[in-house]
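Note sheet for the following structure.
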């Protein structure tokens, strides 16, 4: 027993020496190694820092009120979607509060707002994202948290509050950061000074989000000497189980220029074209009467379970059932070789679109299942890919970039890495700015609200306990609003 106690004491001393703290689901490290750097930052250009954090104070107060409006609107949208009989399509984007990451002190207390969209897998509790993007996700959380706490630390030193140390933590699997300030000094300074410190975190997160957005917006110009854009969507990865995989499919390095008759100049065009193809009915192809008679052959016509018609053999890999109409009959079907029909044809909607040079022609439309589409993908100089399936399957299993390398030795993945990381920084740093500003217990918004009430209501409400009561009621309402958003956000994510 004595040996066990000695070992435990040695272990605790070792943890204390290195600033480590270990508890269930929580690993924490604190150090004074960066104190000198923080003090250098806090004493750099005092007038500029005063102006910088004063602007941050105004932003933090506005963000506090704005976050309540935003969460209230989000809650109403979520409730409306829950109660409506015809919910929005799964690929519609909506603001949802989906993750809670608790910590202590002036730490990263992040409840992440994500632009939720249907994803191939869910690998983190409460968050849907591909496994390949976990590195972006956790890196963006950590960087956003560090920038958040640097804001608090530098502002505190600027206001002559003692800075004890900086640290990082991991709660379950989520990383974060914190600063250790001398609480007595915080209580002795004025409410306006406190506001500069408490608002600095959300202010720095906002600045980080804006900076990331500017990098993302200016990325074509930044990478212009090495990459060019506006010529198509470059294939960077094709999943092994993708229907686009195969000898007549897409390969890494291919440049997609068209989907059907929809021009593709970048990744946004690719997504937009696939969305339009998915929403609209299947387009047809102009085929002359002579060609139709030459290519078609007798086939048995039967109806599928969804009511659509099939007229080709089930084991046919190259033929597709097409429907068309003539003056005598509006429901004719022919089993035709897809590539021969499509390659030399223009797209159409009706027979009228095919009348040219007095050559009898018909608009033949693939007779496919309701959600299935025949899509012609142009990626010159290769032969066109003919894809049969749901358009979203193509979107999920093919990764593309808008940036084409000017030289062969340049990586095709670098612009995608920068672009994706910037998007995560914008989303997650913006989330911290919004959520930490909410007047809620244990978030920055609690201290922002208390200091704001002390600075504005001390002359109107003389008794301090009355001001504290007003603050408590507001915090109670803000906490309930945030909790409702978290609960419904998690429910919406798990219910899909």
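Note that Cβ sites are derived from N, Cα and C of the backbone, with glycine treated the same way.
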Among ranges 87-109, 110-132, 202-224, 225-247, whichever one TrEMBL labels transmembrane segment: 202-224
Which listed span TrEMBL calls transmembrane segment, if the choices are 23-42, 163-182, 263-282: 163-182
Interface present between the transmembrane segment (424-449) and the transmembrane segment (134-151) (three or more C-beta pairs under 8 A): yes
Per-region confidence, the domain 'Peptidase M50' (136-476) (mean pLDDT, whole number): 91
The transmembrane segment (49-72) touching the transmembrane segment (469-493) per 3+ Cβ pairs under 8 Å rule: yes
